[in-house]
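A short write-up of the structure that comes next.
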Amino acid sequence: MFSNLSNSEILNNLLEGRDLDDLTSRSLMQRWLNDKVSDVETGAFLSALRAKGSTGVELSSMAEELLNVCDLPVARPNLYLVDTCGTGGDGANTFNISTAVAFVAASCGVKIAKHGNKSASGKVGSADVLLNLGLNLNCSLEKVINAVNEIGITFLFAPVWHKSLIKLAPLRKTLGIRTVFNQLGPLVNPLRPNAQVLGVASEDFLKPMGSALLKMGMNRAIVVHGSGGLDEASLQGENKLVFVENGELRFSEINISDFNHENIANEKLVVSDFQSNDEILKSVLNGSGQKSHIDVVALNAALVLWVAGIEDDLNEGFNKALISINQGDPWKKFLLLKNYLSEN
């Protein structure tokens, strides 16, 4: 079923700028999973893929192979699930916007299956902040899945579900560059969500990530690259979007000014340390946060409400998110999840 090309032949193709087809992409991932690629070869593959740029076929094929070895301990909930996991790696050191967005969207009725990890860069990862706020990430996998049914939101800690990739972590850290695995992370949620808002740190990722989501059968999705280089929709200016719907990609832009709100520089969203990040996240969720923090979360939550089919008008979604935040509903949702995952 898989490619007969040797590792060196695949590498030569990449170095010469040739895209990998479906079978070769799947074969390469299988070799990683089965320890058929040396550290030296892995470093070369990752560097060559980064230099060439990954395609939608390469990303979707590799992601499918990762998902094929990720077994669920219980049946997937029969729900329309949405994820807010992005690539990270924008280097902007903003507070963890996508995590706040997940709880805001859940408080508005979206069934959220949030996939995430600890930080692999200077930015605070979703798992870091949730651990600091007391969320139990060591409970049974059955409970993690059942939380979606019981609470309407759950968090899937990536290393627990993708143990086969742990061995690559030291090498990726040594390389110190964004690799194809940064792009694969948002594509390998074990619960295979029906819809997703996926932030990317590079404008070059918009089309391939959108194409990958399309090939993987996503019902609705938005891939977003924020003004100023954020991997979230930004308040600073024009944000570039790719809408995935009805088997097609549609390119668009949005600006916070479209929502009758003023533009605000990304620097207003920066945090200096873990404690600041935790405090900001809590203040946004309970409705006591700064206007810039609340607005950027509401803007991104509007995108989630669109992919979930709850609000087809982004302005309506933005206002719905603001109302929920001002009532403190997202923080109540967080506490429900925290208490549920802490129960024996």
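Note: Cβ is positioned from N, Cα and C throughout, glycine not excepted.
What Swiss-Prot records for GLY86, 89-90, THR94, 96-99, 114-122, SER126 is 5-phospho-alpha-D-ribose 1-diphosphate binding site, and it gives sequence analysis as the kind of evidence. In this structure, LYS118 (5-phospho-alpha-D-ribose 1-diphosphate binding site) belongs to neither helix nor strand by DSSP; it is coil.
Annotation comment: Swiss-Prot describes GLY86, ASN117 as anthranilate 1 binding site, evidence class sequence analysis. If you draw a 10 Å sphere around the CB of ASN117 (anthranilate 1 binding site), it holds 19 other CB atoms from the protein chains shown.
As annotated by Swiss-Prot, Mg(2+) 1 binding site applies to SER98, GLU232, with the evidence given as sequence analysis. SER98 (5-phospho-alpha-D-ribose 1-diphosphate binding site) has a Cβ environment of 23 other Cβ atoms inside 10 Å.
Among the features that Swiss-Prot reports, anthranilate 2 binding site is placed at ARG172. DSSP assigns ARG172 (anthranilate 2 binding site) to a helical segment in the three-state reduction.
Residues near GLU232 (Mg(2+) 1 binding site) in space but far in sequence (CB under 8 A, at least 6 apart, same chain), listed by position: GLY86, THR94, ILE97, SER98, VAL101, GLY199, VAL224, GLY226, VAL296, ASN300. The Mg(2+) 2 binding site annotation in Swiss-Prot covers ASP231, GLU232.
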In three-state DSSP terms, the structure that ASP231 (Mg(2+) 2 binding site) belongs to: coil
Pairwise CA distance, ARG172 (anthranilate 2 binding site) versus ASN117 (anthranilate 1 binding site), rounded so that it is a whole Å: 15
Inter-residue C-alpha distance, HIS115 (5-phospho-alpha-D-ribose 1-diphosphate binding site) and ASP231 (Mg(2+) 2 binding site) (nearest angstrom): 16
